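The compositional bias 'Low complexity' annotation in TrEMBL covers 65-76. Under the heading domain 'YDG', TrEMBL lists 197-346. According to TrEMBL, the domain 'Pre-SET' annotation covers 419-479. Taken from TrEMBL, the feature domain 'SET' covers 482-626. Residues annotated as domain 'Post-SET' in TrEMBL: 638-654. Taken from TrEMBL, the feature region 'Disordered' covers 50-106.
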Amino acid sequence: MEGSFGSYTDKTRVLDIKPLRTLKPVFPSGNQAPPFVCAPPFGPFPPGFTPFYPFSSSQHTPDLNQAQHQPQAQNNTSEPSLVTPLRTFRSPPPPPPDTATNGDAVELTVKRKIPRKRTPIAQNPNFSSGISTAEKENGDRKLVMSVLTRFDALRRRLSQLEDAKESVTGIIKRPDLKAGSTCMSRGVRTNTKKRTGPVPGLEIGDVFFFRFEMCLIGLHSPSMAGIDYLVLKGGGGEGEEEPIATSIVSSGYYDNDEGNPDVLVYTGQGGNADKDKQSSDQKLERGNLALEKSLVRNSPVRVIRGLKEASQSAKIYIYDGLYDVKESWVEKGKSGHNTFKYKLVRAPGQAPAFASWTEIQKWKKGLPSREGMILTDLTSGVESIGVSLVNEVDAENGPAYFTYSTTVTSFKLTQQPSYGCECGGACKPGNLNCHCIRKNGGDFPYSGNGVLVGRKGMVHECSPACLCPGCKNKVTQMGVKLKLEVFKTVNRGWGLRSWDPIRAGSFICIYAGEAIDKSQMQPTVANDDYTFDTTRVYTPFKWNYEPGLADEDGSEEMSEEPELPLPLVISAKNVGNVARFMNHSCSPNVFWQPVSYENNGQLFLQVAFFAISHIPPMTELTYDYGVTRTSGAQSLCGKKKCFCGSEFCRGSFG
């Protein structure tokens, strides 16, 4: 290489230098290279040197081939340096499979980028979920309902805090996602062990208003994806793995049930959008492959149906039980790309769920008419939504006559004159200048959609005297908003249920009737089936959020015990509303809450009923009647035999 290039040395040759551990630079001798010259990476360069990649300027990157063969303008007598680009020294990539030297396919090992660990939500050292490791893996009905109650209590509290913020950013808040993440990180969950088939503690027909609820109880793990699956080992051979579907969520937008509620044609996942936001073909991988393997293995899949109720502001999900994958095929979608289709058929012998829902929608349209219907509206128009009277058990034509009313009569409690709040528009959460907000301890008692945030001694609502038209703090004064039905039970007389799903914390109705002085109450009135007595002993239960779970001071936890200014007894025997038909249960799904409001210098008290948990359609509504307080040692032994059939039935009430 020294012939035509003078004394310059081939740069590709390894120099004989000392190792770096000598801690001092060692350079070639004079007969190996020209004197050492230090120059900045991007120039200027002395005669005989040219910049090379990657130190060449981005605007004026020289052509290396030309630089190697063109003389420098600054020194016409010297030849350019023979500089080899750095990328030349990189190891060549292995040949592709079809050009391997030995003719065999070469397996390439690709080094994946390790994702950065997410910082977990800060743990409260003083908080304990109270759920053991075994209970987290496998739950039961009591634990499932407890987890759902705790999640929704936290979600309502977070929603209340968001509503109270004065600044409006326009960002849609998702307290359900925050509540779900908090419960996940702090162990408020169950059924974490993935499985096919039924999930312990889950019942067919259970309804959910948030996807995260299904994650916390192990019904469907992904909070977004529609297909959940687990990976089994040894599927296609020794050491191999294959996915198998455990559950799917049918959105209702793309799926077709072919008019049969027991058949579901499900559209696979993926292919909706790529980096260019364009549709593409779906691939037989992940959830799609899992459904295909479930078809081959004849493995059942849990199906959750997503529906949109006209009376609800959000989508509702109903667990419809186990389905078998019967067929799969590929067809062109609306975008012209291939999509996977799966036909699932509901396993026989299961309780109706989605089928009942579709039947109710037909009742609402009047086709067909409700079987066993006696009256379409027993309120005769008093309620804005008619209450049906139905008997599918025997030939009885209805309960004894009574006057339908929506108020508590013969009850007045005089106080100092009050004119209510002076809010020009609706009362705003967090506004301490509002008289009604201050009476509620500074918090708005309801969330934006009218759901009660928590039980308390007394809920103070705005009154007709308040200057806030359309205010959301008048929930119990707006009447019944659900499609209710009075029906004949098998062994407990008449009962009450709803055609609509009821969200936890939703208002159902008040207990209307005639207020009675406890000291002057006749024994016959005290023992009838239509008397509500606030002085009875009620089984305590916790419904409000846990301050520790919300990272709040536990010493400020709100009491859930009712606080009434005087004993309140209401008889609905002669005058009443639908509440008189609600039966007792030792495991109720409804609770009562004292509510008051002022009007014309008087304090109005009433007993309002709210849902403890999400209640599926056509589920009987029940509350705890309590036990009469005795002068001696108090006992939970009532005067009447209980037929509630609950696992935790105490045997008597009243």
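Cβ coordinates are placed from backbone N, Cα and C, and glycine is handled just like the others.
Keep in mind that what you see is a predicted model, and the values were worked out from it rather than measured.
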Six or more residues beyond either end and a Cβ under 8 Å away: which residues meet both conditions relative to the domain 'Post-SET' (638-654)?
141, 491-492, 527, 539, 583-587, 622, 624-628
Is it possible to list how many residues within the domain 'Post-SET' (638-654) are helical, extended or coil according to DSSP?
0 helix, 4 strand, 13 coil
Please list the DSSP helix, strand and coil residue counts for the domain 'Pre-SET' (419-479).
9 helix, 4 strand, 48 coil
What is the number of residues in the domain 'YDG' (197-346) that are helix, strand and coil, as DSSP sees it?
18 helix, 60 strand, 72 coil
Secondary structure tally of the domain 'SET' (482-626) (DSSP, helix then strand then coil)
14 helix, 54 strand, 77 coil
